[in-house]
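Heads up: the structure comes next, in structure tokens.
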Amino acid sequence: MRTGWADGPEFVTQCPIRPGGSYTYRFTIQGQEGTLWWHAHSSWLRATVYGALIIRPKEGDSYPFAKPKRETPILLGEWWNANPMDVVREATRTGGTPNVSDAYTINGQPGDLYNCSSKGTVIVPIDSGETNLLRVINSALNQELFFTVANHKLTVVGADASYTKPFTTTVLMLGPGQTTDVLITGDQPPARYYAAARAYASAPGAPFDNTTTTAILEYKSAPCASKNCATSKPVMPSLPAFNDTATVTAFSKSFRSPRKVEVPTVIDENLFFTVGLGLNKCPKHLNKARRCQGPNGTRFTASMNNESFVLPSKLSILQAYEQGIPGVFTTDFPANPPRQFDYTGNVSRSLWQPVPGTKGYKLKYGSRVQVVLQGTNIFTPENHPIHLHGYDFYIIAEGFGNFNPKNDTAKFNLVDPPLRNTAAVPVNGWAVIRFVADNPGAWLMHCHLDVHIGWGLAMVFLVDNGVGELQSIEPPPADLPLC
């Protein structure tokens, strides 16, 4: 709150930290408990630059569930055998899709199912009768992931550093940027069981990494825990099919806040944002064979409300906003799509090419905001994990097809919707979020599949200061990186 200078996305709230330079992020944690994460926010550097950020209850407070015996962070990652920066540079040069990853990882290790990984599988300890807390984080760059543990149930108790009404499941689905806290109980015969993650690939026909990463849930009392276990293979779980949207829907609809919450009911800003891909025609001056390798000689792009977001390069948006410097961004991001169409049907080719720009949408301090996030069927539909910086928001409804205010408003949960910072917008569907704009600054809203943010699936909310110091952004720190 009020420390937008510590948010991190390059050219939005700061200029990037230069090679060899440093910058200290200073912020206060308020009202959040559970699991978040930190990561680089510059091109594809977060492929390897990330970690867990764990917020425990205050001294004297306790978890809203029995204190677990132990806890283990489970960071799901994505690995390329190439330098990820070279992968994204090549895709930018050709206009095509970037090469998919070569492996997924759990806590940096790919696990037993890859050729290269015989020695480094992560062990997650448990013992008979224990209940442990797993803090699962999807840190993968471009892939939503299923996660499960063989023969064990998972009780979800938190997500994105907010507690949830506990519910039990055998499989999680996390989009990049999402975290899920689960309790697991050692109620199976003492042995070794695989924890495994693999892709939820919602875009029909799009290439993806179809490998599986594993860790080992190991009972300390297992007969082989002290000896060499090479002879006994851990029990392998079954994972959902790569395109199992029904499982994803059942899972995402299970999330509730632990009790009745104060959802904004009177709305000041009613916004409707389309999110999805697009294709740019090949510019005449480019060599089509080398520079336009998207479908039919085009270049891939992405947009919100037909605006394809372009990062500035000389100054951050927050600096320009706070200091009144013109020419860095404009404030005319559209509140609704410039043209209405059948978003999830057969979309006319005339709507496939978005307009590039650096546009923000202004919000008055304290305004109550509703955003309908509507997926589109341009080129391919896909589940998009949409993340809003600087805020948690209530996801009050989600569904498939085109959002229909007449019928779909009846589905709104205004009693106990979950509080999240990333909403997985269903494939060829929609999600509705609400929040109060009480954190002044420039806040990026973007798809957390990094290939999409690079293509322009982003926008910025510009939230004004309120009245007095406690409703205003703090001054920029002295060590803020220079461009």
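A Cβ is built for glycine as well, from the same backbone N, Cα and C atoms used for every other residue.
Summarising the annotation, TrEMBL assigns domain 'Plastocyanin-like' to 2-59, 71-221, 332-465.
If you average pLDDT over the domain 'Plastocyanin-like' (2-59) in this model, you get 97. The helix, strand and coil residue counts that DSSP assigns across the domain 'Plastocyanin-like' (2-59) are 6 helix, 14 strand, 38 coil. Broken down by DSSP into helix, strand and coil, the domain 'Plastocyanin-like' (332-465) contains 16 helix, 56 strand, 62 coil.
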